[in-house]
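I have placed the structure first, in the form of structure tokens, so that the comments after it can refer back to it.
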Ligand code: SF4
Ligand SMILES: [Zn+2]
Ligand SMILES: [Zn+2]
């Protein structure tokens, strides 16, 4: 874990171990709900979430990148930590996503500034260590540039579609890619958001704390504004329906069937976490193995190839096809319901 | 292929695997690799795990495969089905094949074999005997082809060493046994990258996808100072040499480039890919689950061995990769193209019965240009 100074905790509050931080400062969550001097911080935390939900970046009390007044630091960090508590209590995932994203954008600005701060060696050393620790990207400073190994660069840049991120359009030398502070931070932007998001998702959900109810209720109604109902037009093709039925009955679905189902659902945009429970009833279910295999199929682990759903022809040979007239003229289950005569 | 041909090749290959086992390079971390082999006239057996060279030796002698393969990837369970193998990492591999270089000489040493009547004709699109269009092309690569492939290997090594910091000792070059070279990179920073990353790396090596901005040409207010220079490292330097020719012409040519404008510059860059970019097969490099011909094994497309080239410049595959015996054999040859093996000239043969050494007979039989009489 990084050793953080006060300015740093205020800039990167997600790096702090929340529970420990509160304890070190001599506070408990209950105090925030009851102590009139602290209660306004809950209000502030709510504000922080509301601003993020609106897609804006919360304007902090930081003066430049220093803590302005004595009191600002606790406010800065407490409001972040309390925001997490509120989010957990409300259980609203859309808000968590938006909050994580906004916080990432906020931290990004500081990170970039710290990296560019040539006059303060300790600042950019810290930024380098943050990047190194959280995203395992080994950044090194060389003149005005930050250089990272080509392999590391590739892992992050392949998710960008703009041509200027192609390796050929980069300054490559000695197995390393040369980047400006802005580009360095941009490269790990997505991971920063994912990191903050997972930190919140994995945080323990406390039981309701007296004094927090109002803000939590406000969050629940706030989140209603953002709920987007994903309308699934049409339904699953017969082969997929059949596979789901087999699993639901707790019967054994052959490996090829699981492969078909997983690749189909992944292609439809479902996440590994959403798909995994489907396999729970299978007689040989093992959570770790299932997740490993799904991640592999999704291309998020190991080789990184994303597998695609097999063709109808292939599925016919595997006895997995249960075609109806609605399957006419399609060559892959993914086309089901799309081609209407 | 007829039974007697298969038997002849099997016997010759068997003798090779028996006498020349030291040629076979058992790859490091043998037990983490997937092996596979093919037998004459039958399908592929793969997902095999092999412990050490003893086991490999046994596999070769027992099965006398036409072709032997080994993964560049390392797995926890190399013998399980693909998605249960647990991929760990893979050596970086490049394939340079004369047939992808589109050389003008190619036509002169390519023949077409009719699938219907077996008639052999010089590179035509229709059988001269039965007019069938089901033709199989076979090429007997010439020295020009080999030399052009070598040039690509040299260009590749340069980019690997200079730009990507791969150390020279970790680059191994093999003659593929037929028409080109396989370049292996061991222990580099690229061991663990996936297929999309490898594909991006091939774009870099073949100088593809570059935008004018990266070389100083902006749509608005292009800046002379950001154009590449002779001394620049990497592609900037290589491109400079290609486009400016000499240092003294640099300034004049930049003026021309600026005058011609942005899209013309893009075209110049794209043309440069074909000239200075390394011609590698991107599909091979990005495939991290493939099994590759095992170094030291025989290629059934030619009867020549896939062997390591220690001195690429001097390397002559038609001397150094031909290992089959000198014992003579009687064959019926229909090979309209002359070829050279072990410093001896053979052909052309026009449907003649001849008695020639095994290594040359095997070469033609593998190319379907002869059969055992
Ligand atoms: S035809 Fe295709 S979509 Fe329809 S049931 Fe068979 S595999 Fe599924
Ligand atoms: Zn014919
Ligand atoms: Zn040639």
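Going from the start of the chain as shown, residues are counted 1 onward.
From the backbone N, Cα and C atoms, a Cβ is placed for every residue, glycine too.
What TrEMBL records for this protein:
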BINDING   A:239, A:312, A:321, A:327  [4Fe-4S] cluster binding site
DOMAIN    A:231-319  domain 'DNA primase large subunit C-terminal'
Cβ distance under 8 Å to residue A:321 ([4Fe-4S] cluster binding site), same chain, sequence separation 6 or more: which residues?
-> A:238, A:239, A:312, A:315, A:327
For residue A:239 ([4Fe-4S] cluster binding site), which DSSP three-state class applies?
-> helix
Average model confidence [pLDDT] within the domain 'DNA primase large subunit C-terminal' (A:231-319) = 81
Across every protein chain in view, the count of C-beta atoms other than its own within 10 A of the C-beta of residue A:312 ([4Fe-4S] cluster binding site) is 20
Neighbouring C-beta atoms (10 Å sphere around the C-beta of residue A:239 ([4Fe-4S] cluster binding site)) | 26
Ten-angstrom check, please: count other Cβ atoms within 10 Å of the Cβ of residue A:327 ([4Fe-4S] cluster binding site), all chains counted.
-> 18
Apart from the site residues A:239, A:312, A:321, A:327, the 8 Å Cβ neighbourhood of the [4Fe-4S] cluster centroid comprises A:237, A:238, A:315, A:316, A:320, A:322, A:323, A:330, A:333
Reduced to three DSSP states, the domain 'DNA primase large subunit C-terminal' (A:231-319) has 52 helix, 0 strand, 37 coil
